[in-house]
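Here's the structure, in C-alpha coordinates; my notes come after.
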Amino acid sequence: MEQVRRLLQSRYGDRIPLAYVHTYGCQQNVSDGEKIKGMLALMGYGFCESPREANLILLNTCAIRENAEDRVLGTIGAMKHQRVNDPELVLGLCGCMVQQPHIEQKIRESYPYVDLLFGPHVIKNLPQMLYSVLTSHKRAFDTTETNEGIPEDLPIRRDQAFKAWLPIMSGCNNFCTYCIVPYVRGREKSRPSQKIIEEFTALVNEGYKEITLLGQNVNSYGKGLDEDIDFARLLRKLNAIPGDFRIRFMSSHPKDATFALIDAIADCEKVCKHFHLPVQSGSDRILALMNRHYTKADYMKLINYAKEKIPDISFTSDIIVGFPGETETDFEETLSLLKEVEFDSLFSFIYSKRVGTKAAEMEDPTTPEEKSERFSRLLALEKEIGAKRYENFVGKTYRILVDGPGKTGPSYYSGRNDGYMIVDYDGKEEDIGTFVTVKITKSLNWALLGERVEDQ
Ligand code: SAH
Ligand code: SF4
Ligand code: F3S
(Lines of atoms letter the chains of each structure in order from A and count residues from 1; the text may use other names and numbers.)
(Lines give C-alpha, C1' and ligand atoms only; values in the text may rest on other atoms or scores of the structure.)
(Ligands and ions follow the chains in the order given, each with its own letter.)
Protein backbone atom coordinates (compact mmCIF):
# COMPACT_ATOMS: atom_id res chain seq x y z
CA MET A 1 0.00 0.00 0.00
CA GLU A 2 2.86 2.32 0.90
CA GLN A 3 4.43 1.79 -2.53
CA VAL A 4 1.20 2.71 -4.32
CA ARG A 5 0.89 5.78 -2.10
CA ARG A 6 4.36 6.99 -3.04
CA LEU A 7 3.75 6.28 -6.70
CA LEU A 8 0.51 8.28 -6.66
CA GLN A 9 2.22 11.13 -4.85
CA SER A 10 4.92 11.36 -7.50
CA ARG A 11 2.30 11.19 -10.24
CA TYR A 12 -0.34 13.56 -8.86
CA GLY A 13 1.74 15.80 -6.55
CA ASP A 14 -0.50 17.82 -4.23
CA ARG A 15 -3.65 16.76 -6.05
CA ILE A 16 -5.44 13.86 -4.38
CA PRO A 17 -6.29 11.15 -6.92
CA LEU A 18 -9.95 10.19 -6.80
CA ALA A 19 -11.55 6.76 -6.76
CA TYR A 20 -15.12 5.97 -7.72
CA VAL A 21 -16.16 2.67 -6.12
CA HIS A 22 -19.66 1.40 -6.82
CA THR A 23 -21.03 -1.73 -5.16
CA TYR A 24 -23.88 -3.86 -6.49
CA GLY A 25 -25.55 -6.79 -4.75
CA CYS A 26 -25.87 -7.81 -1.14
CA GLN A 27 -24.47 -6.53 2.16
CA GLN A 28 -21.54 -8.95 1.98
CA ASN A 29 -20.49 -7.13 -1.15
CA VAL A 30 -21.09 -3.77 0.54
CA SER A 31 -18.85 -4.96 3.37
CA ASP A 32 -16.13 -6.01 0.89
CA GLY A 33 -16.51 -2.59 -0.74
CA GLU A 34 -15.83 -0.94 2.63
CA LYS A 35 -12.57 -2.91 2.90
CA ILE A 36 -11.60 -2.04 -0.65
CA LYS A 37 -12.23 1.64 0.13
CA GLY A 38 -10.28 1.26 3.37
CA MET A 39 -7.25 0.07 1.40
CA LEU A 40 -7.67 2.74 -1.28
CA ALA A 41 -7.82 5.47 1.39
CA LEU A 42 -4.54 4.21 2.90
CA MET A 43 -3.01 4.25 -0.57
CA GLY A 44 -3.85 7.94 -0.81
CA TYR A 45 -7.07 8.00 -2.81
CA GLY A 46 -9.92 10.36 -2.10
CA PHE A 47 -13.43 9.39 -3.17
CA CYS A 48 -15.86 10.89 -5.67
CA GLU A 49 -19.53 10.36 -6.39
CA SER A 50 -19.25 10.51 -10.16
CA PRO A 51 -17.11 8.27 -12.39
CA ARG A 52 -16.43 11.29 -14.64
CA GLU A 53 -14.07 12.85 -12.05
CA ALA A 54 -12.33 9.59 -11.17
CA ASN A 55 -8.73 8.47 -11.67
CA LEU A 56 -9.73 4.97 -10.62
CA ILE A 57 -13.11 3.39 -11.31
CA LEU A 58 -13.92 0.15 -9.55
CA LEU A 59 -17.24 -1.66 -9.97
CA ASN A 60 -17.86 -4.24 -7.25
CA THR A 61 -20.25 -6.57 -9.06
CA CYS A 62 -22.97 -9.10 -8.23
CA ALA A 63 -23.96 -12.28 -10.09
CA ILE A 64 -27.21 -13.21 -8.39
CA ARG A 65 -29.53 -12.41 -11.31
CA GLU A 66 -29.10 -11.61 -14.97
CA ASN A 67 -30.23 -7.98 -14.65
CA ALA A 68 -27.46 -7.32 -12.07
CA GLU A 69 -24.92 -8.49 -14.66
CA ASP A 70 -26.50 -6.65 -17.57
CA ARG A 71 -26.32 -3.39 -15.66
CA VAL A 72 -22.59 -3.79 -15.07
CA LEU A 73 -21.83 -4.70 -18.67
CA GLY A 74 -23.87 -1.68 -19.80
CA THR A 75 -22.02 0.59 -17.37
CA ILE A 76 -18.53 -0.51 -18.44
CA GLY A 77 -19.56 -0.27 -22.09
CA ALA A 78 -20.54 3.35 -21.45
CA MET A 79 -17.15 4.00 -19.79
CA LYS A 80 -15.13 2.88 -22.82
CA HIS A 81 -14.94 6.37 -24.27
CA GLN A 82 -13.68 7.92 -21.01
CA ARG A 83 -11.11 5.15 -20.53
CA VAL A 84 -9.79 5.33 -24.08
CA ASN A 85 -9.46 9.12 -23.90
CA ASP A 86 -7.68 9.09 -20.55
CA PRO A 87 -4.66 6.78 -20.53
CA GLU A 88 -4.07 7.49 -16.81
CA LEU A 89 -7.52 6.24 -15.82
CA VAL A 90 -7.64 2.77 -14.25
CA LEU A 91 -10.86 0.86 -14.87
CA GLY A 92 -11.45 -2.16 -12.64
CA LEU A 93 -14.03 -4.83 -11.91
CA CYS A 94 -14.29 -6.96 -8.80
CA GLY A 95 -16.94 -8.93 -6.91
CA CYS A 96 -18.97 -12.05 -7.59
CA MET A 97 -19.82 -11.59 -11.25
CA VAL A 98 -16.22 -11.62 -12.43
CA GLN A 99 -15.46 -14.79 -10.44
CA GLN A 100 -17.41 -16.73 -13.10
CA PRO A 101 -15.02 -18.13 -15.74
CA HIS A 102 -17.30 -17.25 -18.67
CA ILE A 103 -17.51 -13.63 -17.51
CA GLU A 104 -13.77 -13.33 -16.93
CA GLN A 105 -13.21 -14.63 -20.44
CA LYS A 106 -15.76 -12.21 -21.87
CA ILE A 107 -14.03 -9.27 -20.17
CA ARG A 108 -10.62 -10.44 -21.39
CA GLU A 109 -11.82 -10.75 -24.97
CA SER A 110 -14.54 -8.16 -25.48
CA TYR A 111 -13.61 -5.41 -23.00
CA PRO A 112 -9.86 -4.87 -23.60
CA TYR A 113 -10.01 -1.46 -21.89
CA VAL A 114 -10.72 -3.05 -18.47
CA ASP A 115 -7.35 -2.86 -16.65
CA LEU A 116 -8.00 -4.62 -13.39
CA LEU A 117 -10.16 -7.60 -12.46
CA PHE A 118 -10.23 -9.54 -9.21
CA GLY A 119 -12.61 -11.93 -7.51
CA PRO A 120 -14.02 -11.88 -3.96
CA HIS A 121 -11.39 -14.35 -2.66
CA VAL A 122 -8.44 -12.04 -3.29
CA ILE A 123 -9.52 -8.52 -2.34
CA LYS A 124 -6.49 -8.23 -0.10
CA ASN A 125 -4.28 -8.44 -3.23
CA LEU A 126 -5.66 -5.14 -4.53
CA PRO A 127 -2.55 -3.07 -3.61
CA GLN A 128 -0.16 -5.37 -5.51
CA MET A 129 -2.47 -5.54 -8.53
CA LEU A 130 -2.97 -1.80 -8.61
CA TYR A 131 0.78 -1.22 -8.32
CA SER A 132 1.36 -3.49 -11.27
CA VAL A 133 -1.30 -1.75 -13.41
CA LEU A 134 -0.02 1.73 -12.50
CA THR A 135 3.61 0.91 -13.27
CA SER A 136 3.37 -1.46 -16.22
CA HIS A 137 0.10 -0.40 -17.89
CA LYS A 138 -0.52 -4.11 -18.35
CA ARG A 139 -3.83 -5.66 -17.37
CA ALA A 140 -3.96 -7.46 -13.98
CA PHE A 141 -6.53 -10.26 -13.55
CA ASP A 142 -6.82 -12.53 -10.51
CA THR A 143 -9.73 -14.86 -9.81
CA THR A 144 -7.92 -17.37 -7.62
CA GLU A 145 -10.24 -19.26 -5.29
CA THR A 146 -8.53 -19.29 -1.90
CA ASN A 147 -11.41 -20.18 0.43
CA GLU A 148 -9.46 -18.35 3.14
CA GLY A 149 -12.60 -16.74 4.49
CA ILE A 150 -13.00 -13.13 5.59
CA PRO A 151 -9.64 -11.35 5.40
CA GLU A 152 -8.71 -10.14 8.89
CA ASP A 153 -7.01 -6.86 9.71
CA LEU A 154 -7.82 -5.00 6.49
CA PRO A 155 -8.60 -1.32 6.97
CA ILE A 156 -12.34 -0.53 6.70
CA ARG A 157 -13.83 2.73 5.48
CA ARG A 158 -17.41 2.39 6.65
CA ASP A 159 -20.16 4.00 4.58
CA GLN A 160 -22.18 5.03 7.62
CA ALA A 161 -21.31 6.49 11.02
CA PHE A 162 -23.91 4.76 13.16
CA LYS A 163 -24.85 1.53 11.36
CA ALA A 164 -22.23 -1.09 10.59
CA TRP A 165 -21.99 -4.38 8.70
CA LEU A 166 -20.05 -7.12 10.42
CA PRO A 167 -19.40 -10.28 8.41
CA ILE A 168 -19.23 -13.33 10.67
CA MET A 169 -18.71 -15.90 7.93
CA SER A 170 -18.19 -16.15 4.19
CA GLY A 171 -19.13 -18.56 1.43
CA CYS A 172 -21.96 -21.05 1.24
CA ASN A 173 -22.18 -24.85 1.18
CA ASN A 174 -25.87 -25.18 0.41
CA PHE A 175 -25.97 -25.27 -3.35
CA CYS A 176 -29.60 -24.29 -3.74
CA THR A 177 -30.09 -25.34 -7.35
CA TYR A 178 -30.90 -21.83 -8.66
CA CYS A 179 -28.07 -20.02 -6.89
CA ILE A 180 -24.65 -18.89 -8.07
CA VAL A 181 -23.29 -17.84 -4.65
CA PRO A 182 -21.55 -21.14 -3.70
CA TYR A 183 -19.71 -21.07 -7.04
CA VAL A 184 -18.44 -17.52 -6.73
CA ARG A 185 -17.96 -17.16 -2.97
CA GLY A 186 -16.60 -20.65 -2.30
CA ARG A 187 -17.03 -22.81 0.78
CA GLU A 188 -18.48 -21.67 4.06
CA LYS A 189 -15.98 -20.38 6.58
CA SER A 190 -16.72 -18.87 9.99
CA ARG A 191 -14.61 -16.20 11.66
CA PRO A 192 -13.28 -17.05 15.13
CA SER A 193 -15.69 -15.62 17.71
CA GLN A 194 -12.88 -13.68 19.37
CA LYS A 195 -12.32 -11.65 16.17
CA ILE A 196 -16.04 -10.94 15.90
CA ILE A 197 -16.32 -9.89 19.53
CA GLU A 198 -13.29 -7.59 19.18
CA GLU A 199 -14.65 -5.89 16.06
CA PHE A 200 -18.12 -5.65 17.60
CA THR A 201 -16.84 -4.12 20.85
CA ALA A 202 -14.75 -1.59 18.93
CA LEU A 203 -17.85 -0.57 16.94
CA VAL A 204 -19.90 -0.13 20.09
CA ASN A 205 -17.10 1.96 21.62
CA GLU A 206 -16.98 4.11 18.49
CA GLY A 207 -20.69 4.85 18.97
CA TYR A 208 -22.29 2.56 16.40
CA LYS A 209 -25.96 2.05 17.21
CA GLU A 210 -26.86 -0.83 14.94
CA ILE A 211 -24.60 -3.70 13.97
CA THR A 212 -25.77 -6.25 11.41
CA LEU A 213 -24.09 -9.65 11.48
CA LEU A 214 -23.65 -10.97 7.95
CA GLY A 215 -23.37 -14.37 6.37
CA GLN A 216 -25.10 -16.28 3.56
CA ASN A 217 -26.39 -18.63 6.22
CA VAL A 218 -25.65 -17.26 9.70
CA ASN A 219 -27.41 -20.25 11.27
CA SER A 220 -24.54 -22.53 10.40
CA TYR A 221 -22.06 -20.17 12.08
CA GLY A 222 -19.38 -22.02 14.05
CA LYS A 223 -19.18 -25.18 11.95
CA GLY A 224 -15.54 -26.02 11.27
CA LEU A 225 -14.16 -23.78 14.04
CA ASP A 226 -11.99 -25.16 16.84
CA GLU A 227 -14.32 -23.71 19.45
CA ASP A 228 -17.58 -24.79 20.95
CA ILE A 229 -19.93 -22.16 19.54
CA ASP A 230 -23.02 -21.73 17.38
CA PHE A 231 -24.98 -18.73 16.17
CA ALA A 232 -27.41 -18.64 19.09
CA ARG A 233 -24.52 -18.59 21.55
CA LEU A 234 -22.68 -15.93 19.55
CA LEU A 235 -25.80 -13.73 19.74
CA ARG A 236 -25.93 -14.15 23.52
CA LYS A 237 -22.26 -13.19 23.87
CA LEU A 238 -22.69 -10.05 21.75
CA ASN A 239 -25.88 -9.11 23.57
CA ALA A 240 -23.92 -9.14 26.84
CA ILE A 241 -21.57 -6.37 25.63
CA PRO A 242 -22.56 -3.17 27.50
CA GLY A 243 -23.97 -0.22 25.54
CA ASP A 244 -27.08 1.17 23.86
CA PHE A 245 -27.17 -0.56 20.48
CA ARG A 246 -29.13 -2.99 18.34
CA ILE A 247 -28.10 -6.27 16.77
CA ARG A 248 -29.51 -7.46 13.45
CA PHE A 249 -28.46 -10.45 11.37
CA MET A 250 -28.95 -11.89 7.91
CA SER A 251 -29.52 -14.28 6.20
CA SER A 252 -30.98 -17.29 7.93
CA HIS A 253 -31.55 -20.58 6.17
CA PRO A 254 -34.71 -22.28 7.50
CA LYS A 255 -33.05 -25.72 7.41
CA ASP A 256 -30.51 -24.58 10.02
CA ALA A 257 -32.74 -22.27 12.06
CA THR A 258 -33.38 -23.77 15.50
CA PHE A 259 -35.70 -23.18 18.42
CA ALA A 260 -32.52 -22.35 20.37
CA LEU A 261 -31.94 -19.44 17.98
CA ILE A 262 -35.52 -18.21 18.46
CA ASP A 263 -35.04 -18.50 22.24
CA ALA A 264 -31.89 -16.37 21.93
CA ILE A 265 -33.76 -13.71 19.92
CA ALA A 266 -36.46 -13.74 22.60
CA ASP A 267 -34.01 -13.49 25.51
CA CYS A 268 -31.54 -10.94 24.12
CA GLU A 269 -32.96 -7.45 24.57
CA LYS A 270 -30.54 -5.91 22.05
CA VAL A 271 -31.38 -8.39 19.28
CA CYS A 272 -34.11 -6.94 17.06
CA LYS A 273 -37.40 -8.79 17.08
CA HIS A 274 -37.23 -9.21 13.35
CA PHE A 275 -36.60 -12.48 11.61
CA HIS A 276 -35.62 -12.47 7.94
CA LEU A 277 -36.20 -16.09 7.02
CA PRO A 278 -36.09 -16.65 3.24
CA VAL A 279 -38.60 -19.35 2.27
CA GLN A 280 -38.31 -19.07 -1.55
CA SER A 281 -41.49 -21.10 -2.22
CA GLY A 282 -44.48 -22.55 -0.40
CA SER A 283 -44.57 -25.73 -2.51
CA ASP A 284 -42.82 -28.81 -1.10
CA ARG A 285 -42.24 -30.09 -4.63
CA ILE A 286 -40.45 -26.88 -5.64
CA LEU A 287 -38.54 -26.67 -2.34
CA ALA A 288 -37.17 -30.17 -3.03
CA LEU A 289 -36.20 -29.20 -6.59
CA MET A 290 -34.50 -26.12 -5.13
CA ASN A 291 -32.52 -28.39 -2.74
CA ARG A 292 -33.69 -26.39 0.27
CA HIS A 293 -33.99 -29.35 2.71
CA TYR A 294 -37.21 -28.24 4.44
CA THR A 295 -40.94 -28.44 3.79
CA LYS A 296 -43.66 -25.87 4.20
CA ALA A 297 -44.63 -27.64 7.45
CA ASP A 298 -41.04 -27.39 8.79
CA TYR A 299 -41.03 -23.71 7.96
CA MET A 300 -44.39 -23.10 9.66
CA LYS A 301 -43.13 -24.87 12.80
CA LEU A 302 -40.37 -22.27 13.11
CA ILE A 303 -42.74 -19.38 12.39
CA ASN A 304 -45.33 -20.61 14.89
CA TYR A 305 -42.73 -21.20 17.59
CA ALA A 306 -41.35 -17.68 17.03
CA LYS A 307 -44.85 -16.14 17.13
CA GLU A 308 -45.57 -17.96 20.38
CA LYS A 309 -42.28 -16.97 22.02
CA ILE A 310 -42.14 -13.40 20.66
CA PRO A 311 -45.69 -12.14 20.00
CA ASP A 312 -44.59 -8.84 18.40
CA ILE A 313 -41.99 -10.41 16.09
CA SER A 314 -41.86 -9.23 12.50
CA PHE A 315 -41.10 -11.62 9.62
CA THR A 316 -39.67 -10.84 6.21
CA SER A 317 -38.65 -13.26 3.47
CA ASP A 318 -37.28 -13.84 -0.02
CA ILE A 319 -39.47 -15.45 -2.69
CA ILE A 320 -38.57 -16.75 -6.13
CA VAL A 321 -41.40 -16.77 -8.66
CA GLY A 322 -41.21 -18.99 -11.74
CA PHE A 323 -38.57 -21.52 -10.67
CA PRO A 324 -38.25 -24.08 -13.53
CA GLY A 325 -41.35 -26.27 -13.61
CA GLU A 326 -43.35 -24.19 -11.09
CA THR A 327 -47.04 -24.82 -11.83
CA GLU A 328 -50.05 -22.70 -10.99
CA THR A 329 -50.74 -25.08 -8.07
CA ASP A 330 -47.17 -24.67 -6.76
CA PHE A 331 -47.50 -20.92 -7.00
CA GLU A 332 -50.82 -20.96 -5.12
CA GLU A 333 -49.07 -22.85 -2.31
CA THR A 334 -46.69 -19.90 -2.05
CA LEU A 335 -49.62 -17.47 -1.88
CA SER A 336 -51.26 -19.56 0.83
CA LEU A 337 -48.03 -19.58 2.86
CA LEU A 338 -47.82 -15.79 2.62
CA LYS A 339 -51.35 -15.52 4.04
CA GLU A 340 -50.52 -17.90 6.85
CA VAL A 341 -47.31 -16.18 7.97
CA GLU A 342 -48.29 -12.54 7.31
CA PHE A 343 -44.86 -11.18 6.39
CA ASP A 344 -44.27 -7.47 6.86
CA SER A 345 -42.42 -7.26 3.59
CA LEU A 346 -40.87 -9.48 0.95
CA PHE A 347 -37.92 -9.43 -1.39
CA SER A 348 -39.41 -11.17 -4.41
CA PHE A 349 -37.65 -12.06 -7.60
CA ILE A 350 -38.52 -13.71 -10.89
CA TYR A 351 -36.25 -16.73 -11.35
CA SER A 352 -33.14 -15.92 -13.34
CA LYS A 353 -31.13 -18.68 -14.99
CA ARG A 354 -27.50 -18.81 -13.79
CA VAL A 355 -24.79 -20.50 -15.87
CA GLY A 356 -23.40 -23.64 -14.17
CA THR A 357 -26.22 -24.16 -11.64
CA LYS A 358 -28.39 -27.29 -11.58
CA ALA A 359 -31.63 -25.42 -12.20
CA ALA A 360 -30.21 -24.06 -15.45
CA GLU A 361 -30.49 -27.63 -16.81
CA MET A 362 -34.13 -28.11 -15.73
CA GLU A 363 -37.12 -27.95 -18.07
CA ASP A 364 -38.78 -24.55 -17.81
CA PRO A 365 -42.01 -24.58 -19.82
CA THR A 366 -43.63 -21.57 -18.12
CA THR A 367 -43.60 -18.48 -20.36
CA PRO A 368 -42.07 -15.19 -19.20
CA GLU A 369 -45.56 -13.64 -19.48
CA GLU A 370 -47.02 -16.21 -17.08
CA LYS A 371 -44.13 -15.60 -14.68
CA SER A 372 -44.69 -11.82 -14.69
CA GLU A 373 -48.39 -12.33 -14.19
CA ARG A 374 -47.65 -14.52 -11.12
CA PHE A 375 -45.17 -11.95 -9.90
CA SER A 376 -47.82 -9.18 -10.07
CA ARG A 377 -50.28 -11.34 -8.16
CA LEU A 378 -47.65 -11.97 -5.50
CA LEU A 379 -46.92 -8.26 -5.14
CA ALA A 380 -50.64 -7.45 -4.89
CA LEU A 381 -51.10 -10.01 -2.11
CA GLU A 382 -47.98 -8.78 -0.32
CA LYS A 383 -49.39 -5.24 -0.40
CA GLU A 384 -52.75 -6.37 0.90
CA ILE A 385 -51.18 -8.35 3.78
CA GLY A 386 -48.74 -5.55 4.60
CA ALA A 387 -51.50 -2.91 4.64
CA LYS A 388 -53.59 -5.02 6.99
CA ARG A 389 -50.61 -5.67 9.30
CA TYR A 390 -49.57 -2.02 9.29
CA GLU A 391 -53.07 -0.89 10.37
CA ASN A 392 -52.53 -2.81 13.62
CA PHE A 393 -49.47 -0.73 14.50
CA VAL A 394 -51.41 2.55 14.79
CA GLY A 395 -51.38 3.66 18.43
CA LYS A 396 -48.24 1.70 19.31
CA THR A 397 -45.01 3.30 20.47
CA TYR A 398 -41.64 2.34 19.03
CA ARG A 399 -38.03 3.24 19.51
CA ILE A 400 -36.55 4.00 16.11
CA LEU A 401 -33.01 4.59 14.92
CA VAL A 402 -33.17 7.69 12.69
CA ASP A 403 -31.57 7.21 9.25
CA GLY A 404 -32.14 10.53 7.52
CA PRO A 405 -34.77 12.72 5.86
CA GLY A 406 -38.22 11.13 5.46
CA LYS A 407 -40.51 11.14 2.46
CA THR A 408 -43.66 12.51 4.08
CA GLY A 409 -42.75 16.20 4.11
CA PRO A 410 -39.89 18.71 4.38
CA SER A 411 -39.38 18.48 8.16
CA TYR A 412 -39.90 14.73 8.29
CA TYR A 413 -37.25 12.25 9.29
CA SER A 414 -37.26 8.53 8.89
CA GLY A 415 -35.90 5.54 10.72
CA ARG A 416 -36.63 1.90 11.36
CA ASN A 417 -38.15 0.28 14.39
CA ASP A 418 -37.02 -2.97 15.92
CA GLY A 419 -39.21 -4.88 13.43
CA TYR A 420 -37.43 -3.21 10.48
CA MET A 421 -40.47 -1.12 9.51
CA ILE A 422 -39.91 2.39 8.17
CA VAL A 423 -41.30 5.07 10.49
CA ASP A 424 -41.59 8.74 9.43
CA TYR A 425 -42.06 11.53 11.97
CA ASP A 426 -41.67 15.29 12.24
CA GLY A 427 -38.13 15.67 13.58
CA LYS A 428 -34.80 17.47 13.55
CA GLU A 429 -31.55 16.95 11.74
CA GLU A 430 -29.74 16.27 15.03
CA ASP A 431 -31.91 13.17 15.45
CA ILE A 432 -30.02 11.37 12.66
CA GLY A 433 -28.02 8.50 14.12
CA THR A 434 -29.86 8.52 17.44
CA PHE A 435 -32.75 6.55 18.91
CA VAL A 436 -36.03 8.43 19.28
CA THR A 437 -39.38 7.23 20.58
CA VAL A 438 -42.34 7.64 18.24
CA LYS A 439 -46.05 6.97 18.67
CA ILE A 440 -47.67 5.71 15.45
CA THR A 441 -50.58 7.85 14.25
CA LYS A 442 -51.17 6.52 10.76
CA SER A 443 -50.34 3.65 8.45
CA LEU A 444 -49.09 4.62 4.98
CA ASN A 445 -48.99 1.00 3.71
CA TRP A 446 -45.28 1.18 2.84
CA ALA A 447 -44.37 2.85 6.13
CA LEU A 448 -45.74 4.16 9.41
CA LEU A 449 -46.28 7.78 10.35
CA GLY A 450 -45.85 8.91 13.93
CA GLU A 451 -45.21 11.67 16.44
CA ARG A 452 -42.18 11.95 18.64
CA VAL A 453 -42.93 11.33 22.32
CA GLU A 454 -40.76 11.50 25.43
CA ASP A 455 -38.37 8.56 25.73
CA GLN A 456 -39.70 5.91 28.04
N1 SAH B 1 -28.01 -16.78 1.42
C2 SAH B 1 -29.26 -16.14 1.37
C3 SAH B 1 -29.64 -15.59 0.02
C4 SAH B 1 -28.71 -14.78 -0.74
S5 SAH B 1 -29.26 -14.39 -2.32
C6 SAH B 1 -30.31 -17.15 1.73
O7 SAH B 1 -30.17 -18.31 1.43
O8 SAH B 1 -31.29 -16.70 2.25
C9 SAH B 1 -30.71 -13.43 -1.98
C10 SAH B 1 -31.93 -13.94 -2.64
O11 SAH B 1 -31.81 -13.87 -4.05
C12 SAH B 1 -32.27 -15.39 -2.39
O13 SAH B 1 -32.87 -15.59 -1.15
C14 SAH B 1 -33.20 -15.71 -3.53
O15 SAH B 1 -34.53 -15.39 -3.21
C16 SAH B 1 -32.72 -14.77 -4.63
N17 SAH B 1 -32.05 -15.50 -5.69
C18 SAH B 1 -30.91 -16.23 -5.63
N19 SAH B 1 -30.65 -16.78 -6.83
C20 SAH B 1 -31.64 -16.39 -7.67
C21 SAH B 1 -31.92 -16.64 -9.04
N22 SAH B 1 -31.15 -17.42 -9.78
N23 SAH B 1 -33.02 -16.08 -9.58
C24 SAH B 1 -33.84 -15.30 -8.81
N25 SAH B 1 -33.62 -15.03 -7.54
C26 SAH B 1 -32.53 -15.57 -6.95
FE1 SF4 C 1 -27.63 -19.26 -2.40
FE2 SF4 C 1 -28.90 -21.12 -1.05
FE3 SF4 C 1 -26.46 -20.39 -0.32
FE4 SF4 C 1 -28.47 -18.72 0.05
S5 SF4 C 1 -28.22 -20.71 1.02
S6 SF4 C 1 -26.48 -18.24 -0.81
S7 SF4 C 1 -29.76 -19.13 -1.72
S8 SF4 C 1 -27.01 -21.42 -2.21
FE1 F3S D 1 -24.55 -10.91 -5.39
FE2 F3S D 1 -22.36 -12.05 -4.54
FE3 F3S D 1 -24.02 -11.04 -2.83
S4 F3S D 1 -23.67 -12.78 -6.15
S5 F3S D 1 -26.00 -11.23 -3.80
S6 F3S D 1 -22.93 -9.90 -4.33
S7 F3S D 1 -22.76 -12.84 -2.54
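Each residue, glycine too, has its Cβ placed from N, Cα and C.
TrEMBL names Cys26, Cys96 for binding [4Fe-4S] cluster 1. Of Cys48, Cys62, the residue it gives for the same site is Cys62. Predicted-model confidence for the domain 'MTTase N-terminal' (17-135) is 97, expressed as mean pLDDT. Neighbour counts of Cβ atoms within 10 Å were taken for the binding-site residues Cys26, Cys172; the minimum is at Cys26. The Cβ of Cys96 ([4Fe-4S] cluster 1 binding site) lies under 8 Å from the Cβ of Gly25, Asn29, Thr61, Cys62, Ala63, Ile64, Gly119, Pro120, Ile180, Val181, Val184, Arg185, each of which sits 6+ residues away along the same chain. Proximity to ligand 3 (Cβ under 6 Å from any of its atoms) holds for these binding-site residues out of Cys26, Cys62, Cys96, Cys176, Cys179: Cys26, Cys62, Cys96. Other residues of the same chain near the [4Fe-4S] cluster 1 site, with their Cβ within 8 Å of the Cβ centroid of Cys26, Cys62, Cys96, are Tyr24, Gly25, Gln28, Asn29, Thr61, Ala63, Ile64, Ala68, Gly95, Met97, Val181, Val184.
Across the domain 'MTTase N-terminal' (17-135), DSSP classifies residues as 68 helix, 23 strand, 28 coil.
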